[in-house]
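S.K.: Can you read through this structure? Questions will come right after.
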């Protein structure tokens with residue numbers, strides 16, 4: 001089987017939406033029966049985004065196999081059925097790290113290590129490895145054409161077009177076509193200059209995606225085609241739109257998928273976008289709306305919670321409800337009190353690291369529990385719910401996590417290596433143990449408790465969800481907490497780690513150690529988010545009565 005490559009680049013300005021455009025095109029090609037995957041090549045020097053600030057980079061998306069990746073991989077999984085893996089995302093830092101490790105081992109036999117050919121060869125090897133077994137591979141190059149950081153990647157894909165053959169490679173370039181109100185027209189010159197920049201590197205784009213706040217007129221598209229040496233039918237207008245889930249249909253209506261299939265000589269049926277039409281219909285025809293408060297520490301940049309925000313919207317689709325998300329800084333709860341939580345139909349506390357704002361999250365969990373407001377805690381959101389319950393219900397005054405107070409009297413949350421077994425002996429788990437070291441990352445099996453609310457929502461006994469955390473519930477204090485009324489609703493494969501807790505005497509109070517947002521999609525939703533939004537709607541109705 002021959003693999004075909006579509007290389008996606010961006011020009012003029014950043015944040016044009018390369019990831020969404022690539023994912024939307026992939027969705028159309030998948031709907032034509034093709035086996036499609038998407039890769040993201042990031043030009044920054046960090047080895048991966050795992051230790052980058054969420055307020056700079058946005059969220060870290062975790063794949064099934066435990067890779068900490070760019071948030072664009074979340075878009076990819078929400079648009080296509082293919083599961084992403086560590087092969088779908090790599091950075092300049094990762095490439096240089098691998099090449100330097102080989103050099104230290106002597107793999108290059110004393111050769112002088114250079115960007116060309118050693119770095120570019122490593123990039124090409126990664127692309128080919130990531131695309132194995134697929135009909136079409138879309139490869140998104142991060143950054144903007146003209147950035148010095150992107151040059152090795154652009155040179156690598158130029159070489160791939162020569163080596164793989166132009167009949168199996170296609171360059172798709174996103175560019176800005178701004179509208180000038182004073183002139184009353186769109187301007188094509190930035191696009192021409194962006195293409196000129198690409199040509200200077202040796203890349204002739206085959207498809208131009210013209211981003212604008214309005215439809216680019218046919219005469220302007222013809223002008224772009226002529227000056228940029230691109231067929232007129234390959235100049236696609238992609239205007240700003242109120243829903244990203246309308247983009248597959250918008251691209252298909254302009255024949256982009258037909259053009260690509262003909263270019264690659266792929267004989268496949270017409271795309272059936274009925275699933276996406278259903279998503280758009282559900283989004284456009286809600287039966288009501290709910291307001292959900294998300295209490296976090298990175299609210300200045302909503303992209304830090306991108307998958308959570310999207311998953312809440314998916315939960316709304318499944319319940320035909322518009323979800324209005326109110327982002328609340330947990331430090332505001334600390335300084336202004338629970339007044340900032342008024343008029344919410346539900347409260348969600350997402351994951352996070354560090355002590356700043358934790359007490360505000362604990363106050364929020366307390367407010368939700370005492371006022372019967374639907375609550376969903378994710379990762380740290382589960383840990384703060386546990387701390388709150390231990391303090392105020394189980395009689396464990398000052399209960400905390402050793403992440404924040406290492407010597408606290410009641411460490412209800414602790415590092416794996418800090419646990420003691422029932423005999424009082426320290427239980428040590430290192431990298432060779434079945435459940436890894438102090439960081440659990442990636443898909444893990446979870447067994448749901450019979451008769452629990454989550455067992456009812458999932459409709460399955462065993463599930464697999466993705467984790468990214470260092471701290472866990474301390475089993476030594478668990479019995480006292482359970483005796484006070486908290487139910488353990490999910491356990492790890494070896495039955496040693498608490499994965500889900502819930503309150504049986506609360507209308508809807510669920511907290512999980514894993515990140516369910518990473519597996520939610522617009523077409524299928526996710527049981528926890530669908531149930532959470534449904535509970536928010538029910539709470540709203542009770543308040544009206």
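Using the three backbone atoms N, Cα and C, a Cβ is placed for every residue, glycine included.
I grabbed these lines from Swiss-Prot:
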type     : residues                                             : note
ACT_SITE : 379                                                  : active site, nucleophile
ACT_SITE : 515                                                  : active site
ACT_SITE : 517                                                  : active site
BINDING  : 14, 147, 148, 149, 187, 188, 189, 190, 191, 192, 223 : CTP binding site
BINDING  : 14, 187, 188, 189, 190, 191, 192, 223                : UTP binding site
BINDING  : 15, 16, 17, 18, 19, 20, 72, 239, 240, 241            : ATP binding site
BINDING  : 72, 140                                              : Mg(2+) binding site
BINDING  : 352, 380, 381, 382, 383, 403, 470                    : L-glutamine binding site
DOMAIN   : 291-542                                              : domain 'Glutamine amidotransferase type-1'
REGION   : 1-266                                                : region 'Amidoligase domain'
S.K.: Among all chains shown, work out which of the recorded positions 240, 517 has the most CB atoms within 10 A of its CB.
M.R.: 517
S.K.: Given the binding-site residues 15, 383, which one is most crowded in terms of C-beta atoms within 10 angstroms?
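M.R.: Of 15, 383, the one with the most crowded Cβ is 383.
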S.K.: Using C-alpha positions only, work out which of the binding-site residues 15, 223, 240, 352 is nearest to residue 188 (UTP binding site).
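M.R.: Ranked by Cα distance from residue 188 (UTP binding site), first place goes to 223.
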S.K.: Measuring Cα to Cα, how many Å separate residue 15 (ATP binding site) from residue 379 (active site, nucleophile)?
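M.R.: So the Cα of residue 379 (active site, nucleophile) lies 29 Å away from that of residue 15 (ATP binding site).
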S.K.: Just give me the nearest neighbour of residue 140 (Mg(2+) binding site) among the binding-site residues 17, 187, 191, 470, Cα to Cα.
M.R.: 17
S.K.: Under a three-state reduction of DSSP output, how is residue 140 (Mg(2+) binding site) classified: helix, strand, or coil?
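M.R.: Residue 140 (Mg(2+) binding site) sits in a strand per DSSP.
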S.K.: Fewest neighbouring Cβ atoms within 10 Å: which of the recorded positions 148, 379, 380, 382?
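M.R.: Fewest other Cβ atoms within 10 Å, among the recorded positions 148, 379, 380, 382, is found for 148.
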S.K.: Within 10 Å of residue 352 (L-glutamine binding site) (Cα-Cα), which of the recorded positions 14, 187, 191, 379?
M.R.: 379
S.K.: Cβ atoms within 10 Å, counted per site: which of 17, 19, 190, 381 has the most, among these binding-site residues?
M.R.: 381
S.K.: Report the mean pLDDT of the predicted model across the domain 'Glutamine amidotransferase type-1' (291-542), rounded to a whole number.
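M.R.: That stretch averages a pLDDT of 90.
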